[in-house]
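Listed features, source Swiss-Prot:
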BINDING   120, 124  Mg(2+) binding site
DOMAIN    7-258  domain 'Nudix hydrolase'
MOTIF     105-126  motif 'Nudix box'
SITE      41  site 'Important for coenzyme A binding'
SITE      47  site 'Important for coenzyme A binding'
SITE      205  site 'Important for coenzyme A binding'
């Protein structure tokens, strides 16, 4: 945790992809042999109520506990590889770059945020992403799902889930009980999103969220919503999720929509796993979407876009607003260097990117939910 932060809180989330071979995809984007886990937030939530999101939540002091060092390997970063220096003109996301020692934790942020994402996945969805012993899993493919017979009886596991929800420190006790550790090595660093100033939830809630990607061989056998923060769960391929969003079956916030468009580049779980593993040590930068209000909608500008400010107002203290009387279509015709999400209404989103992706990452497919041409190029 970072108690020095005043304008947002730190969080972690995981894009959990599970193999689904032989499935049929009705999407015009084509077949896909894996599914993602989506959780529908409660309608009573103070932040993005009823939205379909990836598992995750706020980092807690227990995620940074020195006690984890008794379970995890003693190697530097608990066996995680060292992220390479950022490219020229780039920067390491502060979320990961912050030295946690002066903040009272010997556990690196790269480890603690993974523990947070794994703990939250158990709290919200009942899924345990654990590995045996205190060493990285051998093998280069997607991680195996923890078999049901290796878990505790359902009633006992449910009681542990309730305890962890009430006290995150109990997650370490659960791992000790099972003789397993959080499978931090299965989570690959993927992206980092900071809530825009003008899109804060009730009480001005903003989050600096680490997004990880985790590929599992098969869907876990024990998924269930908690009926507290989470009202329902859904397993869906990225193309199908976009179709559901387009038909207003589900609602996705812009970061989730963007990441789905990026995942639509991968129809194979093995290809996705290899890509995420190969580029994970490249790291990522923090993205703060900056909102430009147009006459008929909004444009969320992302780093690299020609209209993205040189000095973004990260805290909101400058009270800077960007607005124009021009229509979105006119702004698109006038521009040439794009990294943006166009928002006409809650179910009308379009991603436009024609810049080179940094950190050896993949640009999203440029998808406009108002168009049937999903692979549109500018």
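Glycine too: its Cβ is placed from the backbone N, Cα and C atoms.
Recorded features from Swiss-Prot, shown on the structure.
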residue : record                                  : Cβ contacts under 8 Å, 6 or more apart
41      : site 'Important for coenzyme A binding' : 47, 48, 49, 50, 51, 52, 53, 229, 230, 231
120     : Mg(2+) binding site                     : 12, 13, 55, 56, 57
124     : Mg(2+) binding site                     : 39, 55, 56, 57, 225, 226, 229, 230
205     : site 'Important for coenzyme A binding' : 9, 46, 47, 195
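A simple way to gauge crowding: the CB of residue 47 (site 'Important for coenzyme A binding') has 17 other CB atoms within 10 angstroms, across all the protein chains here.
Summarised by DSSP class, the composition of the motif 'Nudix box' (105-126) is 17 helix, 0 strand, 5 coil.
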